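According to TrEMBL, the transmembrane segment annotation covers 7-26, 68-91, 141-160, 288-312, 332-357, 369-396, 408-429, 441-464.
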Amino acid sequence: MTSAGTLIWISCLPLLRLFICVAAGYGVTKAELFPANAARGAGQIMLNITVPSLMFSKIVPAFTSQNISALGPLILIAVIYQGMGMLFAWITKQFFWVPHRFRWGILAAGGWGNYGDIPTSIAISITGAAPFNGASDQTLSVAYIAGLSLFYMITFFPLGGHKLIALDYRGPDVEPEVVKQATAQRRRAIFSLLPTRLRPKTSPTAPVLEADERGHNLPTIIVESTDEAIESKTDLTTEVPTPTNDVHSMSMKEQDASDLPALLNSTSPAPSRLRKTWTGFASLIREICAPASLSIILSFPIALIPALKGLFVQVASPHIPAAPDGRPPLSFLFDTATFIGAASVPLGLVCLGSALARLEVPRGRWNQLPVGAILSMAVGRMLVMPVLGVVVARGLTHAGIISQDDKVLQFVCIIFSCLPTGTTQVFVTQVYSGTGSAEHLSAFLIPQYVLMFLSMTGLIAYSLQNLF
């Protein structure tokens, strides 16, 4: 049996490598050696070139007709974790005050984590060495992560998860004191209902909850119709921030900020339902055709059809005529994808460090921050969810949904429960805010990333101890 010290050291190694890469991005940004334009360009290279290459180079050799069934448990795990995170965020919102401009964004922060660079970096480090089976398990782990990442990408962009963030900027702002008072009333109402479940619905505590929910939009009669016009017009005239149209782009933020007064003053009629439906469908198709999504989608049939797979990698059957060097005829494309994909994880971590360096953390006014909500989200995502993630993964394994022999799948499912909120939400928030600001999200983000280094180390050590 491996000693506790060895397990902790093995668990710390991938996080040390991750920290060094993130710190490098943070340092060069603070030293003004990595300006916003350069970070935006690096982000586009990562999203449109290196990530698609990495996904293709890992999915094609990893998946076969024997292990493709693992996609079912992966999607189930993704749905459970997303629902769990949003539930934690909703509970936090009920008991602690949350800034008005983050009342919906907190749900997005709970539901969508950093499902790209961090788990990929950890999986590559851990599964590439003992007690796993080296390169084969390493490739398989990244392929599993690709399936999970595709789910989160589709639910956030084409299926409208990002619109939760847009809802924060509808209507007038509300002063923190008003929000605090409404939250206190709601909290008292919730606690008062606990010992008196049979209280009549006409109780004075019932309107408090509804009044609080509507109280965030104070001039309701005047504002609602304007908000609907803004939302309808925004759906058709402003481009949804996605990986393909550069969520990192500062020019988009400036453009949205300049367009905001025009939207506020617009009185144009709302578009027809058919046109809105067509616009949504076109957006879905556009996102599916994005390089990262398209690479994942195309890689699966190539991996599962031997005649196609044999063009890129060696297969037992059918026989594919070899190139003059004795390798598959399109192996040079696979080698190129592997070569380019190797840059994806370090480049992504450097961009993550750069993004963290640009977050505006309020200093000298911590007493004005929603400390209760910040700590609740950090503890919920980075301490409570990993515990529940272990329970869920072990439960699905004992139920036979996850194969007991597939240690890689179990490991990937467990580490996905301990991921902080994704920095993609920072860029989307900056776009929707119209001012390039994401100050509320910043305060929620930093504690999660700090706590991750401790909780992830313990989770990896525990996972290795129980899997082997």
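For all residues, glycine too, the Cβ spot is worked out from N, Cα and C.
Long-range Cβ contacts of the transmembrane segment (441-464) within its own chain (Cβ-Cβ under 8 Å, at least 6 residues beyond either end) map to 2, 4, 7-8, 10-12, 14-15, 19, 102, 105-106, 109, 118, 122, 126, 131, 356, 359-362, 369-370, 373-375, 377-379, 381-383, 386, 390, 410-411, 414-415, 417-421, 423, 425-426, 429. Same-chain residues lying 6 or more positions outside the transmembrane segment (141-160) and placing a CB less than 8 Å from one of its CB atoms are 54-55, 58-59, 62-63, 70-71, 74-75, 77-79, 82, 108, 112-113, 115-116, 119-120, 123-124, 127, 240, 242-243, 280, 283-284, 287-288, 292-293, 296-297, 299, 408-409, 411-412, 416, 424. Between the transmembrane segment (7-26) and the transmembrane segment (369-396) there are fewer than 3 Cβ pairs closer than 8 Å, counting only pairs 6 or more residues apart in sequence, which means the two stretches are not in contact.
Listed as Cβ neighbours of the transmembrane segment (288-312) (distance under 8 Å, sequence separation of 6 or more from its ends, same chain) are residues 47-49, 51-53, 55-56, 59-65, 68, 146-147, 149-150, 153-154, 158, 242-244, 318-320, 328-331, 333-334. Within the same chain, residues 73, 76-77, 80-81, 84-85, 88-89, 91-93, 95-99, 106, 109-110, 113, 362, 402, 410, 413-414, 416-421, 443-444, 447-448, 451-452, 455, 459, 462-463, 466 sit at least 6 positions outside the transmembrane segment (369-396) and bring their C-beta atoms closer than 8 Å to a C-beta of that stretch.
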